[in-house]
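Here's what TrEMBL has on this protein:
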DOMAIN    33-174  domain 'Alpha-D-phosphohexomutase alpha/beta/alpha'
DOMAIN    213-319  domain 'Alpha-D-phosphohexomutase alpha/beta/alpha'
DOMAIN    339-437  domain 'Alpha-D-phosphohexomutase alpha/beta/alpha'
Amino acid sequence: VILEREWISCYHCSPLTNPIPVVTVQTSPFDDQRPGTNGLRRKTAVFEGKKNYLQNYIQSVLSSIDLRDRQGCTMVVGSDGRYFSRAATEIIVQMAAANGIGRLVIGHNGLLSTPAVSCIIRKIKAIGGIILTASHNPGGLGGDFGVKFNVANGGPSPDTVMEKIAQVSRTLEEYAICPDLRIDLARLGRHDFDLENKFKPFRVEIVDSVELYLNLLRTIFDFSSIKSLLTGPEQLKIRIDAMNGVMGLYVRRIMCDELGAPANAAVNCVPMEDFGGRPPEPNLTYAAPLVDAMKGGDIGFGAAFDADGDRYMILGENGFFVNPSDSLAVMAANLSCIPYFRQLGLKGFARSMATSTALDRVAKALKVALYETPTGWRFFGNLMDSGRCSLCGEESFGTSSDHIREKDGLWSVLVWLSIMAARKQGVDEIVKDHWAKLGRNYFCRFDYEGVDPRAAFYMMRDLEGVITDKAFPSQKFAVGNTVYSVERADNFEYVDPVDGTVVRNQGLRIVFTDASRLVFRLSGSGGGAGATVRIYAESLERDPERQTRETQAVLGPLIAIALKISDIHERTGRRSPTVIT
């Protein structure tokens with residue numbers, strides 16, 4: 001593969017007369033290394049403090065790749081900059097060398113956003129990539145750490161790969177490493193090493209963290225149109241909060257240097273190991289400084305990103321909040337504003353089951369297919385690889401298209417700016433116009449974090465028994481003056497339309513005759529400290545006169561039903577949710 005010229009700024013070759021030894025280290029398996037929806041996440045102290053914990057997992061990942069495919073292959077490595085990332089990257093380099101990987105491509109200073117990793121994997125046809133991130137989870141010494149393995153299409157590992165990693169981890173007795181191999185992550189360019197084994201030479205390339213991803217974005221958007229919006233006579237004032245994660249690099253380079261936004265429009269752009277002491281989660285709670293800045297009315301567009309750049313939040317003038325499900329639907333309805341979609345057309349849309357059905361009505365209006373998948377970005381990969389899907393998203397602030405195989409926060413922001421440039425409207429006008437045409441889906445999510453896993457399991461088991469009883473579809477629930485009649489209820493099951501794979505037990509859902517919904521789901525993306533139970537409530541309002549009410553007031557009756565039939569407070573010992581979004 002010929003690398004782009006700007007990647008190579010220096011060359012280094014270790015002395016051929018001093019080959020680096022490969023060492024085999026004896027170890028014992030851990031019983032908690034099956035990756036979840038977003039890889040393996042644990043408290044940082046587990047990865048850093050438990051002897052061989054990280055090494056065992058990296059060996060499990062590497063061993064899950066067939067030796068014939070692994071020898072001489074290329075892998076990508078990046079991190080969101082959280083605490084322990086540099087030390088972990090050095091270990092990955094040492095173990096990749098010892099396990100026959102031929103080349104590692106690593107972001108400058110070890111930093112790459114998750115969308116950039118996906119982009120680079122696809123661009124250079126790597127066998128996969130390792131991303132050191134725990135997404136929106138807190139960083140720092142007392143925070144969380146994560147290791148995520150993306151496969152050759154640039155997307156997260158499918159279930160088959162995760163199961164293979166888990167199988168290896170349960171029986172692992174040794175790992176291979178080159179402990180004397182050292183790499184300077186700050187030194188751009190190519191570094192070759194001679195090893196004391198049959199796998200040689202071993203090459204590490206430290207590359208610009210932004211350039212390839214930026215080049216991809218240039219092929220998707222009309223940058224001149226966006227730049228005119230941000231710098232022209234009717235200049236849109238924006239504020240972008242990188243939340244001290246890896247996205248600071250991309251915001252500065254793309255939004256400011258490339259698209260002309262003033263430097264003071266980009267805040268918290270210095271990556272920090274603890275993300276400045278706050279969780280790098282783009283929501284109304286943790287991005288409160290951005291919300292407060294927007295409430296003054298001087299700024300017309302605001303956005304925030306999580307640590308690794310795959311999630312985002314959109315705000316309009318006066319702090320107008322765009323629910324992520326609405327954001328997905330609005331994007332879908334306006335993709336004709338983007339050159340990429342004008343050229344390629346629309347193949348279909350996809351959303352996770354828990355995401356609101358707002359996207360479904362856009363798909364119906366545009367006469368394109370709509371796919372409902374389990375939670376987890378990997379389920380979108382098959383649809384995109386088979387040419388069935390152009391746009392997909394989840395309610396947890398994740399949206400993207402088939403340009404890569406990951407959620408992409410900055411891409412989503414550029415879609416919004418493209419829509420604003422084309423329609424010459426503000427965020428709130430665009431959203432309210434959308435509601436008036438297709439209806440508003442009032443939507444919220446309650447998270448109960450750190451719940452006793454046994455209590456959560458039995459609560460979900462008993463609730464499933466209630467809603468799958470034959471008599472349940474005839475049930476009516478009266479809350480005040482509102483009556484909800486059950487239309488159907490089930491435990492969501494997904495049959496992949498591409499390969500026929502069946503995935504069961506993906507969440508309990510209750511659909512009412514007025515299109516309202518309740519969804520209950522156990523999350524698989526926590527840091528290992530208990531279970532997380534999520535409750536989703538959704539209600540469709542078609543009357544424009546009733547589309548600006550307070551979300552919690554509208555959904556109050558549905559939430560009351562959810563609390564009653566699940567008995568969640570009594571079953572978990574909680575009085576209220578940890579987070580409401």
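All positions are counted from 1 along the displayed chain.
Every residue gets a Cβ built from N, Cα and C, even glycine.
Automatic, uncurated: that is what TrEMBL annotation is.
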When pLDDT is averaged across the domain 'Alpha-D-phosphohexomutase alpha/beta/alpha' (339-437), the result is 97
Its residues classified by DSSP, the domain 'Alpha-D-phosphohexomutase alpha/beta/alpha' (339-437) shows 49 helix, 16 strand, 34 coil
Let's see if you can do this one: DSSP helix, strand and coil counts over the domain 'Alpha-D-phosphohexomutase alpha/beta/alpha' (33-174), in that order. 59 helix, 35 strand, 48 coil
Which residue counts does DSSP yield for the domain 'Alpha-D-phosphohexomutase alpha/beta/alpha' (213-319) in the helix, strand and coil classes, in that order? 45 helix, 16 strand, 46 coil
